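Record features, source TrEMBL:
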- 107-285: domain 'Mur ligase central' (DOMAIN)
- Gly109, Ser110, Asn111, Gly112, Lys113, Thr114, Thr115: ATP binding site (BINDING)
- 308-421: domain 'Mur ligase C-terminal' (DOMAIN)
Amino acid sequence: MKKLVILGGGESGVGAAILGKKKHWDVFLSDKGKVATKYAEVLNQHTIRWEENKHTESEILSADCIIKSPGIPDTVEIIKKAKEKHIEIISEIEFAYRYTKGEIIAITGSNGKTTTTSLTYHILKESGLNVGVAGNIGKSFAQMVAEDDKEYYVLEISSFQLDGITSFKPHIAILLNITPDHLDRYDYKMENYIASKFRITENQTEEDYFIYDADDPVIEQWLEKNPIKAKKLSFSLEKEIKQGSYNHKNTIIITINNHIVEMNTEEIAIKGKHNVKNSMASSVASHLLKVRKEKIRESLKGFIGEPHRLEFVKTVEGITYINDSKATNVNSVFFALDTMKTPVVWIVGGVDKGNDYSPLLPYVHEKVKAIVCLGIDNNAILQSFGNIIPNIVETKSMEEAVKYARRFATVGDTVLLAPACASFDLFENYQDRGNTFRKEVEKL
């Protein structure tokens, strides 16, 4: 019996363990930290061996295959040793792909992944397809394959997950955009990050499809130098597209072969230019899967956006509170500020991933009246905006941040939580940060 070792006892790791057990691997799961009670119970139910608060080298380095959590960098000592021993190291999505019969729609990009994944899933489910949603959203892909393999999967995929693939091949790959993000994991080299994102196309053939943003110069430049095999379709707000989707006088036009679908952008339930693009990408993918145009239109009208993504929380004493906790990089905040129509008190900060804040300067100048820093280290924010925003304070808790924001705001203003940073300094994750913001706003 071959031995499978899983590093990381979160959603994806436990899902991979369940699938490995079902496929007759000798499974061992190891987590350097504590395994959450709910996951420990699942592992015990499936009689899977596991450990926490350590990595036992003799167990790990006797593996035939290692699945590592996307959060574990290659620089970790145990990974280096496994590589020296030429043990195969893959991601959970690669492992699950080897066992599924389903057709894959995979979505990556620096921003908009969760919304586009949820929207695509919504359209396909509404049209009656046997479809699952997984990856960075919902259940583990591997667990779904183990328990109830679907005919179609819509997967939200990060660059870290793509770093661990060898044969993974989506029938439809969507690349929404590429902006600097996670550069700390890519030796601070943008070209490494771009190459990682494009791995979504590396196993595709002429029978597959690649959908991308034609307005993104980074994507366009890469495609000029690196041809891909899949059929290319694109979407754009700025130019006419022959195969794909574009915006003409507030009408989305989707053209695939000779089929044309049109829809007024005002009918799309989720607002903002970036969401028009997300809707275009989802619509093109759905059209390729032969979903009827009436069903696409109906689904776009009825889709409710994601929590923590420009989510309206409450209006208190004439001040609107918006939770965009999922805005963990500069580009996401750019889109958030773009949609703001009233003066903004901006709550920002967390674990800085090597951010360049300069693209935000015009919007900050024009729309932001005060900045509330929320994080352990706010130096980059203070240096970037300290000279142009007179009201700027540092806080170390959400309670304190919301109180300061309330002081700076007046009737008609918007308090916007859009951190531009990861959340791990003060919160478990971006959901915890967003939920804490909601709770503090409810107290006002």
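Here the Cβ of each residue, glycine as well, is placed from N, Cα and C on the backbone.
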Packing count at Ser110 (ATP binding site) (other Cβ atoms within 10 Å of its Cβ): 24
Local Cβ density at Lys113 (ATP binding site) - other Cβ atoms counted within 10 Å: 23
Other C-beta atoms that fall within 10 angstroms of the C-beta of Thr114 (ATP binding site): 20
Fewest other C-beta atoms within 10 angstroms, as judged across Gly109, Gly112, which are the binding-site residues: Gly112
Cβ atoms near Thr115 (ATP binding site) (within 10 Å, other residues, all chains): 28
Tally of residues which DSSP labels helix, strand or coil - the domain 'Mur ligase C-terminal' (308-421): 38 helix, 33 strand, 43 coil
CB contacts for Asn111 (ATP binding site) [other CB atoms within 10 A, all chains]: 26
Averaged pLDDT, computed only over the residues in the domain 'Mur ligase C-terminal' (308-421): 93
Cβ-centroid neighbourhood (8 Å) of the ATP site, Gly109, Ser110, Asn111, Gly112, Lys113, Thr114, Thr115 excluded: Ile107, Thr116, Leu176, Asn177, Asn278, Ser332
